[in-house]
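Swiss-Prot lists 268-427 with the feature domain 'SSD', giving sequence analysis as the kind of evidence. Annotation source Swiss-Prot lists N-linked glycosylation site at Asn77, Asn133, Asn167, Asn319, Asn326, Asn568, Asn599, Asn608, Asn762, Asn818. Among the features that Swiss-Prot reports, transmembrane segment is placed at 20-40, 273-293, 298-318, 328-348, 373-393, 407-427, 502-522, 707-727, 738-758, 795-815, 826-846, with the record citing sequence analysis.
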Amino acid sequence: MLRQVLHRGLRTCFSRLGHFIASHPVFFASAPVLISILLGASFSRYQVEESVEHLLAPQHSLAKIERNLVNSLFPVNRSKHRLYSDLQTPGRYGRVIVTSFQKANMLDQHHTDLILKLHAAVTKIQVPRPGFNYTFAHICILNNDKTCIVDDIVHVLEELKNARATNRTNFAITYPITHLKDGRAVYNGHQLGGVTVHSKDRVKSAEAIQLTYYLQSINSLNDMVAERWESSFCDTVRLFQKSNSKVKMYPYTSSSLREDFQKTSRVSERYLVTSLILVVTMAILCCSMQDCVRSKPWLGLLGLVTISLATLTAAGIINLTGGKYNSTFLGVPFVMLGHGLYGTFEMLSSWRKTREDQHVKERTAAVYADSMLSFSLTTAMYLVTFGIGASPFTNIEAARIFCCNSCIAIFFNYLYVLSFYGSSLVFTGYIENNYQHSIFCRKVPKPEALQEKPAWYRFLLTARFSEDTAEGEEANTYESHLLVCFLKRYYCDWITNTYVKPFVVLFYLIYISFALMGYLQVSEGSDLSNIVATATQTIEYTTAQQKYFSNYSPVIGFYIYESIEYWNTSVQEDVLEYTKGFVRISWFESYLNYLRKLNVSTGLPKKNFTDMLRNSFLKAPQFSHFQEDIIFSKKYNDEVDVVASRMFLVAKTMETNREELYDLLETLRRLSVTSKVKFIVFNPSFVYMDRYASSLGAPLHNSCISALFLLFFSAFLVADSLINVWITLTVVSVEFGVIGFMTLWKVELDCISVLCLIYGINYTIDNCAPMLSTFVLGKDFTRTKWVKNALEVHGVAILQSYLCYIVGLIPLAAVPSNLTCTLFRCLFLIAFVTFFHCFAILPVILTFLPPSKKKRKEKKNPENREEIECVEMVDIDSTRVVDQITTV
């Protein structure tokens, strides 16, 4: 009883609101436009988010704490040449992969000379500034001897060239660790790619060579010069490529990922304009009909204007509050399109059910009472789900900002639909009541006055006048609309046909089977190349890097951050055990081998162990570079102690798999907790992948929970709680199918796809809730009759919004960007699967599942029978229209 009272009370409130808006249409039409112009004007000076890490790396993660600890001991900016990572290397740098089209050996004489010429050209790059020209020597990272740090492969190639010049045949390159002429052992696993080896790891050939040039960025001037040097670096590599057409070069810099991420917005512009034109055309066609008076083409256009005003207002507010633009915002207009269009088409559908002899104010009040309650509840669902996503519980900034922007846009869209679109409906209502042309707004003459006009003129002015319409035909004046006619006369009878139902059920079982198959293969996508435009430096470099340099993982720093008994043999065994199985670049292991070669026991007393380490081992030229890996401290009694040290580990992998690397990280972390030696592991890529899975799923998980809670509490606002049960089951079915099919379509579970899944919850409720409500609340008659009625009442609005949404998505498929490709596939699946449920699954399943309907009992008395039929006809359509009843 309470639910019915609340339901009727809300309908009455919306009816009065509609009457009030119809009484002041000019104010409610102009106010949203003025607000949008004032707030949207600030968007002309929008700022672009520059930091990809800020957007896509989890905000709160253990890796960031570990990075701070590592930085306090061994600054990462100076160590980045040791901590190799493909796309996440910190600071400024330029990198190039050199390979051959014919898969030639890059270590032969010709290619060796070519690469050394490229190296010389890169080091001579000049960045002009007022009064000074900066070269690589001015902005490079310096070694202890004040020389620029360059990749060890450059020294290897120089030694190889000298060996050939002097006809020395004893020079050999080993892989993945080789020795230079000064005795240093260096790791070359990420500098030589596509390697073929002889016995004892001697390199026979290499298909690719990678060079990296690390730059300083210690202040703003230095950073600006380094950024310009990176741009000149790419230009130099391209010019070198043109003059040496037999080799292929893949340049990459620290700015490439950011620029290619932002490039998505630029390459999407003309496709979005095409999408807008198609949506406008389809919306106008969906609102048009042959009757030139009752046709509403302007409402189709004004519905899109309403959505545009809300989006512009939200963008202005985000900009005024200090928000910055990023390419993920491309999905916001499509979120608005799915929600806003259905609301406007539902209002138009309700308008068609009102009586034409009523005043416009009364018709508008009836429209608001009929459609605004469901639209308000679905809007509340959007606000709650996206609001949870915009909360601090969301650990990925890109997802949080997207949800925040969507929340603001949806809120203003709701207000503008109530005001701007409602007043537009009032204006078109007056045009209709005055029998004016729906496009040209001129009085339409009666058919008698058009007899002498040309056929095309009579066609343009086709209209039905009330005095020419029989009383019983008044409710059918809108049935000349193509979609209304299609649903009422053909589709409703076909989908509820007894012979069609088994095929639909079979098709649904196939749908569930394929969805389950895809669901079991869901993979998490933390690859940053999935968010950038295609045919860019990032994509080309990543493809080459995975092809030639995926044999080994990124270099993992192994940091012992407290003083331990390095001289103790049991501690030595523990440290060696922890690093066993990795390719190691370790001062500790080298020092122990050094002692063994001198026939000195590794279990020396502490003082002897430390003195020999400082005064003998680190003084040797081949081991002097290890000085950066050890931190000594003097105690009060002048005793020297090793307070912290680091080693570098590389894991052998068949392929650089993010999940495999994350599992390795978690394994090492668990080991650090239980081990006697206190250590941490770090690589810059860990900042992006640490807790990525939980951070990624949190917005979707929280949104699902909030949606369930809202459905539970909204059961008190709807007339029957069974509506919410059906909505929940439908949402589960749709989301399950979308996740499964997007996996089969090679879409990983990343930031973009998770945001689309959150939107999918709301899109499903948006389209299915009104239809389910009409079915569940129906009294008497059969389930089949009420399924047909629900489709007739709400099917047109669903079909209209679906057609507009799909034509708007189609141009998105052609955008040359991985981000928009993911966006298109997810949104298309959401729209298609929801449409499949609305027009196939639900109409069939509802015919044999609860709630049951009481069959009408026919009365023997003809007078009673006529009265009962009149009442039932009113209940079926739940409108103010009563068809002519003939009972004889």
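Cβ atoms here come from the backbone N, Cα and C positions, even for glycine.
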Seminar exercise, completed: If you count the other CB atoms within 10 A of the CB of Asn326 (N-linked glycosylation site), including all protein chains displayed, you should get 24
Exercise. In DSSP terms, helix, strand or coil for Asn608 (N-linked glycosylation site)?
Worked result: helix
Exercise. The domain 'SSD' (268-427): mean pLDDT?
Worked result: 91
Seminar exercise, completed: Here the Cα-Cα span from Asn568 (N-linked glycosylation site) to Asn608 (N-linked glycosylation site), rounded to a whole number of angstrom, reaches 12
Seminar exercise, completed: Spacing of the two Cα atoms, Asn608 (N-linked glycosylation site) and Asn818 (N-linked glycosylation site), in whole angstrom, works out to 59
Exercise. For Asn599 (N-linked glycosylation site) and Asn167 (N-linked glycosylation site), what Cα-Cα distance in Å is obtained after rounding to a whole number?
Worked result: 36
Seminar exercise, completed: Ranked by how many other Cβ atoms lie within 10 Å of their Cβ, the glycosylation sites Asn608, Asn818 are led by Asn818
Exercise. Where, among 20-40, 273-293, 738-758, do we find the most CB pairs under 8 A to the transmembrane segment (502-522)?
Worked result: 738-758
Seminar exercise, completed: Of the glycosylation sites Asn326, Asn762, Asn818, the one whose Cα sits nearest to the Cα of Asn167 (N-linked glycosylation site) is Asn818
Problem set entry | Lowest local Cβ density among Asn133, Asn319, Asn762, which the record lists as glycosylation sites, within 10 Å | Asn133
Exercise. What stretch in 20-40, 407-427, 795-815 has the biggest tally of Cβ pairs under 8 Å against the transmembrane segment (273-293)?
Worked result: 795-815
Exercise. Among Asn568, Asn599, all listed as glycosylation sites, which has the most CB atoms within 10 Å of its CB?
Worked result: Asn568
Problem set entry | Shortest C-alpha distance to Asn133 (N-linked glycosylation site) - which of the glycosylation sites Asn319, Asn326, Asn762, Asn818 | Asn326
Problem set entry | Asn326 (N-linked glycosylation site) - helix vs strand vs coil (DSSP) | coil
Exercise. For the transmembrane segment (826-846), what are the same-chain contacts with Cβ under 8 Å, counting residues 6+ beyond its ends?
Worked result: 331, 334, 338, 491-492, 495-496, 500-501, 504-505, 507-508, 511, 730, 733-734, 737-738, 741-742, 745, 747, 752-753, 756-757, 759-760, 763-764, 767-768, 771-772, 775, 783, 786-787, 790-791, 795, 798-799, 802, 805-806, 809, 812-813
For this session: Rounded to the nearest Å, what's the C-alpha distance separating Asn326 (N-linked glycosylation site) and Asn319 (N-linked glycosylation site)? Just drop the number here, would you?
Result: 12
Exercise. Hey, which of 20-40, 298-318, 328-348, 407-427, 738-758 has the most Cβ-Cβ pairs under 8 Å against the transmembrane segment (795-815)?
Worked result: 328-348
Problem set entry | Intrachain residues whose Cβ lies under 8 Å of the transmembrane segment (20-40), provided they are six or more past its termini | 306, 309-310, 312-313, 315-317, 320, 360-361, 364-365, 368, 415-416, 418-420, 422-424, 426-427, 429
